[in-house]
């Protein structure tokens, strides 16, 4: 079968305005391969923009909260200054509550966003999520220029922003599920899922670079950035090949039927023309409790709860921690701490790709995840103990920690969720996969909500206590994977047994 198939009629309402404005972007002038790369780029930069707009709260924590004067590598004293209502000794508590407000709204929204996207155009739904997020991020920054000191204002903005942000992930992974098949899933999704780390890096660099002009600017620029990307998404994103008269090759169509929920939380929109067989489109959704009982769902969901708790604690508190830490006898500035924190996200990019490639090679997602989690425990211990020795050791240990912490988190939210589509009970049923995927990532997002909150309260007792919490969380996450790992090892042993039998018979 050829790569391209032009259909006689394409619904005009499905065409993005940009393709009407620039007819040369339509088939047959542009091939399926071109549009795959365009979709890959747009979904990548869209979710990177979402994450970039989440970084300002972590960057400005050291400015909003009480000023910390470091005494040595481990001790510090609080100077009661900061931006009301986040000043004083209770400042970290209030900042942790802001994180909880955003992430709890985000986790709740995740359970519903994908199913709403089932019934409306994903391009429009994603655009709405990006516009709402951008406006609310800017609104938070206006609190600086308007001299707002009411905690309720910041909480309301964060709650609404969390709801709009929850639209992003289900939409981009649904679009990816329509365009890309199962081949090299771990590698492709490992690279694509680096959008989160790339977004964190962009957000950190932008917010840190303008922090000296006033913390409000750290919100305005990322907010404007996501609004600009929203315009690109609205103009050019094609949700499905069938919307522009294209059809995936038969080999890829079969792959999508097997693994239609390619990566993520809400895959309801994965049923599109020319991608999923008709009989699969009419499959009924499974119940919420029934989905929990499917093999692998509960272990991976609870593992992600604790894995994402650790990842998001670093996401929201690492710049604040670096600001309070003496590195080689020098206390970092607000700007330097924000920029240095990007090393953790660079490690996350490496870890996500490495975990994906490794799991593809050994064909064991659980084993890969538990190895990364186990190695992250000594990495965090060494980072806490020796990260202040010199800037070099801080960077190296932070890079390693970022790779090991984010590797399993990336793998579970992408390739692992896709692998659930191979179960015979739900194979090809996109509505069932939407429920299963929402359970996994939604549960993980609940953990992400509580991690930064706990860090805000525990931090007042010292950073050693925070690292103990992180190590305990990683240990618990690993324990949930033990049944999965046992089954994978047993399967590999059985494969080896049958291989030897076949060789002997020859």
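Using the three backbone atoms N, Cα and C, a Cβ is placed for every residue, glycine included.
In TrEMBL this protein carries:
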DOMAIN    32-489  domain 'Major facilitator superfamily (MFS) profile'
TRANSMEM  32-50  transmembrane segment
TRANSMEM  124-146  transmembrane segment
TRANSMEM  152-177  transmembrane segment
TRANSMEM  198-218  transmembrane segment
TRANSMEM  224-246  transmembrane segment
TRANSMEM  297-318  transmembrane segment
TRANSMEM  338-357  transmembrane segment
TRANSMEM  369-386  transmembrane segment
TRANSMEM  392-412  transmembrane segment
TRANSMEM  432-454  transmembrane segment
TRANSMEM  466-485  transmembrane segment
Outside the transmembrane segment (369-386), six or more residues from its ends: residues with CB under 8 Å to it: 303, 307, 310, 351, 355, 359, 393-394, 397-398, 400-401, 404-405, 407-408, 411-412, 416, 463-464, 467, 470-471, 474-475, 477-478, 481-482, 485
Mean of the pLDDT scores, which run from 0 to 100, over the domain 'Major facilitator superfamily (MFS) profile' (32-489): 82
Positions whose Cβ lies under 8 angstroms from the transmembrane segment (124-146), at least six residues beyond its ends: 46, 49-50, 53, 56-57, 83, 113, 116-117, 153-154, 157-158, 160-161, 163-168, 171-172, 175, 214-220, 222-227, 229-230, 233-234, 237
